[in-house]
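Novice: Pulled from TrEMBL, these are the listed features:
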type	residues	note
REPEAT	61-144	repeat 'Solcar'
REPEAT	172-256	repeat 'Solcar'
TRANSMEM	228-250	transmembrane segment
REPEAT	266-353	repeat 'Solcar'
TRANSMEM	271-289	transmembrane segment
Amino acid sequence: MAAESQSQKKSYCLVGDVYRGVMIVPKELDLSPTKDLMHHQINLQLKFPDVGRAFTNFTRTREVGEFLSGALAGAMTKAVLAPLETIRTRMVVGVGSKNIGTSFIQVIEHQGWKGLWAGNTINMLRIIPTQAIELATFECVKRAMNSAQEKWINTGNPKLQIGNASMSFSLSWLSPVAVAGAAAGVAGTLACHPLEVLKDRLTVNPEVYPSLRIAVHKICKEGGIGGLYAGLGPTIIGMLPYSTCYYFMYETIKKSYCQAQQKKSLSRAEMLLIGAFSGLTASTISYPLEVARKRLMVGALHGKCPPHMVAALSEVIRDEGLLGLYRGWGASCLKVMPSSGITWMFYEAWKDILLADRRHVLQ
């Protein structure tokens, strides 16, 4: 037993000055105090992930940069143009005067200056995710469609084989920009429609819905969760022509103008003007559907709600004639034109900032 104990003692040695303590190691490792350990200290460092750098790299990816650019552009635009949005909504649904100036005065007399920003909180909560989702979806779908069309050109169009019959689908006639615009409108509407409903209720009838919390409670109590999606079908129907035309016009005019002027990009002023013109054109084409959609959405407030969009359009024509389909169009243009122009200007500016490191890749 003594010999065995002596053998064990010879098999190990003590190494000191490792984190101010003592460590027992096998003697075969040849780590004795007489070696270089007396002159060199072992440093062990724990490396934690660089959260800041990871977040920066994440925000500078193309998709996230486009998403954040859309959110920031939407927020900055709505903060400036909230009063015009309030007047436009009142005129579309038939509340107050038909004259823009008189409508401004009525709001100020009854609710004060703050009345011009009635529903602006919910409007900001609505526009930030809506613009972010719309613009990010537009960019993503546009790239996917361009890539798919290039692939089909090189490898052939998709084919459907049914027995001995073969059908080839040529999708070259589809505009990637138009498809992306339609997809952007649908995605934004599906994600943020409840916020649109709340904003309209707060704007049109602030006496019944004085706060966001009360509005949510009353709508859910009267119609359940489905009440927050009232008028979703008409909204999508009205959104499709607007969104498709809006994005198609902007991208087409921008590309044509740059080619004509032999420029690689637009100036901020040019973005503002082209964006405003695109919004004006899209709004004019789809405005009757917007009138019908607003009628359906807030019809319950007046005790009469048409059963569907065609009925709403017929009701407007019967009560006000064909010109009724464009009631509030002037106020809408005053809101849509600066909104569209400013949104595109801010969006492109934020993309330049957030995606500066990827500019050569994006081009």
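Each Cβ is built from the backbone N, Cα and C atoms, and glycine gets one as well.
TrEMBL labels come from automatic prediction, so no person has curated them.
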Novice: Would you list the DSSP helix, strand and coil counts for the residues of the repeat 'Solcar' (266-353)?
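Specialist: With helix first, then strand, then coil, the repeat 'Solcar' (266-353) has 77 helix, 0 strand, 11 coil.
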Novice: Quickly jot the same-chain residues contacting the transmembrane segment (271-289) by Cβ under 8 Å, restricted to those at least six beyond its ends, or write none.
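Specialist: Residues packing against the transmembrane segment (271-289) from afar: 234, 237-238, 241-243, 245-247, 249-250, 253-254, 257, 309, 313, 325-326, 329, 332-333, 336-345, 348.
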Novice: Determine the mean pLDDT over the repeat 'Solcar' (172-256), rounding to the nearest whole number.
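Specialist: Taking every residue in the repeat 'Solcar' (172-256) and averaging pLDDT yields 86.
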